Amino acid sequence: MKTLLLTLVVVTIVCLDFGYARTCLKTPEVKSEPCPPGQEVCYTKAWRDRMCSFRGKVIELGCAATCPRQEPGKEITCCSTDDCNTHP
């Protein structure tokens, strides 16, 4: 009986994924990092600033609890799988 109980406990621990965290690419390093608890959405924000003609669009990558709101002049895309917010 104890062996059966121990087996069930081991199987439960192996099957459950304790501590899983979504991973998203984050700037400025454009590096995959785990998101804080509760943040399951990866996002990409792109916009033009005064230096755009020299360096191109400003890109921000990160994690959020929900997709950030659209803002005038900013392109925002969201996804919900690991490292899905690739650098454009």
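Backbone N, Cα and C atoms are what each Cβ position is placed from, and that goes for glycine too.
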Pick from Cys24, Cys52, Cys67: which one does Swiss-Prot say forms the disulfide with Cys42? Cys24
Going by the disulfide annotation in Swiss-Prot, which one of Cys78, Cys79 is bonded to Cys84? Cys79
The disulfide recorded in Swiss-Prot for Cys63 goes to which of Cys15, Cys35? Cys35
Going by Swiss-Prot, the cysteine from Cys52, Cys78 that pairs with Cys67 in a disulfide is Cys78
Non-local Cβ contacts of Cys35 (disulfide bond) (under 8 Å, 6 or more apart, same chain)? Ala21, Arg22, Thr23, Cys24, Cys42, Cys63
Checking the disulfide-bonded residues Cys42, Cys63, Cys79 for other Cβ atoms within 10 Å of each Cβ, the smallest tally belongs to Cys79
Distance [Cα-Cα, Å, rounded] between Cys67 (disulfide bond) and Cys84 (disulfide bond): 14
Which listed residue (Cys24, Cys67, Cys78, Cys84) has most other Cβ within 10 Å, given these are disulfide-bonded residues: Cys24
